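Data first, discussion second: the structure below is written as structure tokens.
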Amino acid sequence: LTFAIFFTLLTIASAVIPLSPYIWVLYLCAFTIGLGSAVYGSTTTVWTVELGRGTTVPIVQIFELSFGIGSILSTLALKPYLIGEPAVTPTPVSDTVLVLKESDVIDRRSRLMTPTLLIGSCIIVIPIALFVMYFLKPYKEPKLKDEDIYDDNNNTTDEVMDKSSDNGIQLVPKKLFNRKDTPRKTMRLLFALEFALYLVFETTFNKFSVTYFQYSPLKLSAEKATEVYTVAMSVYTAGLVLNILYPYKFQIKNIICVHYILVIVGALLLIPGRTSVPIMWTAMVIMYMGFSAMYSGIIAITEQFVDMTNQLST
């Protein structure tokens, strides 16, 4: 229900941004989008981890794959309507003072209204579906979770009774950092920081890369910068499909290491890519291939050593 309410606010604020008559209204929309995005991020992380626990279905990977497909479709919808930096005319008073033509502003607003309303009308289906689910058949947390069956009465054993077994009693190893003789709180903090710091980098780059390419020394047009982002997201989505298959052949720690190296190489290539289009394209392809395994990979490797409880996921 909380997800539905805040996602509704996010959808409305996103759709009406081109109509903002004053700068404070734009900031208010941004603030509302920030609230909705925060709820979206924490809710989907908790929900996908919870749904994926104890199942062979790659829930987290499918979630990420859906995100990649949606990013491609939305950027393709926006691309034909983008203007980028509008034409400016020097004022008679000074050649250093530039003013915007009113016609440019009106044209930009009218063009952007079409894709934003189209995208907004598509994603409003999500909170509507969540409201319907809540009132007709609300989701209930599974009664039995890994974190509910700790043998906390025994400080030395590394095993715990599995209440879900057919015989009623089965001893299985505790995860390493669920044991009392390990720094459990410290490791939970480190896993959370790893996840958070990576997401900060990926989210920031996704938000500002198109703008950056327009203001970098390459001075790409808005349409060209969007095209670069669309191709990069296509590589990201293809990588997500491959990531569903990787765990059958490789260990998760090796998958994360390789993709993390790709992210670092891509980020470093952006430096010479500021003045070279081919290098910039190469940097984006490498970086987004690296991005493709990180989100689900960090969750997967965390689950190997400690239970991703709802509190830790949030």
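Cβ from N, Cα, C; glycine included.
If you check TrEMBL, you get these features:
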SIGNAL    1-15  signal peptide
TRANSMEM  25-47  transmembrane segment
TRANSMEM  59-78  transmembrane segment
TRANSMEM  117-136  transmembrane segment
TRANSMEM  189-208  transmembrane segment
TRANSMEM  228-248  transmembrane segment
TRANSMEM  255-273  transmembrane segment
TRANSMEM  279-301  transmembrane segment
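Counted as Cβ pairs under 8 Å, contacts with the transmembrane segment (59-78) are highest for 279-301 among 25-47, 117-136, 189-208, 255-273, 279-301. Sequence-distant contacts of the signal peptide (1-15) (same chain, at least 6 residues past either end, Cβ-Cβ under 8 Å): 28-30, 32-33, 35-37, 39-40, 43, 116-117, 119-121, 123-124, 126-127, 130-131, 134. Only residues 6 or more beyond the boundaries of the transmembrane segment (228-248), in the same chain, are considered here, and those with a CB under 8 A from a CB of the stretch are 58, 61-62, 64-65, 68-69, 71-72, 75-76, 79, 209-210, 213, 220, 255, 280-281, 284-285, 287-289, 291-293, 296-297, 300. When Cβ-Cβ distances below 8 Å are used as the criterion, the transmembrane segment (189-208) is approached by residues 41, 71, 263, 287, 291, 294-295, 298-299, 302, 305-306, 312 of the same chain, each at least six residues removed from its ends.
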